[in-house]
């Protein structure tokens, strides 16, 4: 579970900077720029456009609210572009649009998709989240997949230090190598910028005398550029994905790092995350040590990240980390999560060696698993009991009682509607000492793997006899109380009576048995 939980987190954290907000008057003028789609008109509208952008949003989502004025402003500019670029949005939280949400794999908000050729070609949006950046990115997406570089000035402006840039060098713009390069450029253009030239001398780095065909990948990290002469489509894609990914991903406010963060958190590997203040006078030592660790341990299926605590508030909130523990190294692995707080640069590699030894030889015990938990309530005397990660064993699994447990999220509208119903159930059953009605904030506590929580609210019932059941029925007090009574263990008094009767019957059986003649086994 520890590794899997980051998948749902991957997209939710990427909008780490707050966009500038368009003024009220401007927003009013732009309201008609973005088309509203739903399951009824979606297919028809998408089919009409060779290139269309769709934002899947939720009305309650703070990221979506911050994006809205920027998206509107960009839409008003792009609809006048040649060719026009249409921006649309879908309320993916509306149950009527669940079919669209499922079809396009919408797991977080906002999710933006670029749809081409009437919807037959769907790609993720990998650009900025502010108006000017959206406009520039989408204009680039409707232009040719690769642009020709004609001068050193053009090359310096296009390559710079913006991100990963691919330049194909060809003696002539024809042939299999050139065609494969263009095909890969079209396929991967949402995530990378592609250019081509016949003159390598205009490029800012690398051998300027080559005639090609070669592909030169420029990047603002690691070795700064890499060349490849393999123009097979699959080989070219792999070269871009591998060489174009940093050895250590940086978590900061730079939007060009968003696609690296998404891939980092979505990759099924152990995650080593070093969070430090980038203003720390030891920052170069921390960077040097985490890069050295990446070189040493990348073969152990570990992905590495260094993050600036100033920009990592969402990470800290999601994982329950504390700024007072910075500099900290946080590890997420298949066996759990581990934390090394207030560390020095020279402690990084020894600590990771200890982790690898425990993973390799299953000698767990030296590293204490980290569990995100709210504080245990000092007073927990309301009808609905509060469960946190640190007391879930005491209240649910070890209490010997029948426990109905709701997993909720504070932002969830369905949870807010269910809250008075849960309270009604608790009040109705509060005189029954064998029943506990409880709730747990699933966003603020680690949820044990016993429970499969894929949305909120999720309701489970754990009986006094040890049966764990998921409740999928109607969310009414009457139905849930009936479910509890049908599945609960015997009442304490009844159980005692049953035990007493069982003991009596056993004694009688033993007496009777002792009076029976011994049978001849032959």
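Any Cβ shown, glycine's included, is placed from N, Cα and C.
TrEMBL lists 61-64, 412-415 with the feature disulfide bond. According to TrEMBL, the domain 'Thioredoxin' annotation covers 12-143, 362-489. What TrEMBL lists as region 'Disordered' is 494-522. Annotation source TrEMBL lists signal peptide at 1-20.
Across the fold, the C-alpha of residue 64 (disulfide bond) and the C-alpha of residue 415 (disulfide bond) stand 20 Å from each other. Residue environment of residue 64 (disulfide bond) contains 22 other Cβ atoms, counted within 10 Å of its Cβ in all protein chains. When the Cα atoms are compared, residue 61 (disulfide bond) and residue 412 (disulfide bond) turn out to be 10 Å apart. All chains included, 20 other C-beta atoms sit within 10 angstroms of the C-beta of residue 415 (disulfide bond). Within its own chain, residue 412 (disulfide bond) has 456, 457 as residues 6 or more apart in sequence whose C-beta sits under 8 angstroms from its own.
Across the domain 'Thioredoxin' (12-143), DSSP classifies residues as 55 helix, 26 strand, 51 coil. Sorting the domain 'Thioredoxin' (362-489) by DSSP state (H, G, I as helix; E, B as strand; all else coil) yields 33 helix, 27 strand, 68 coil.
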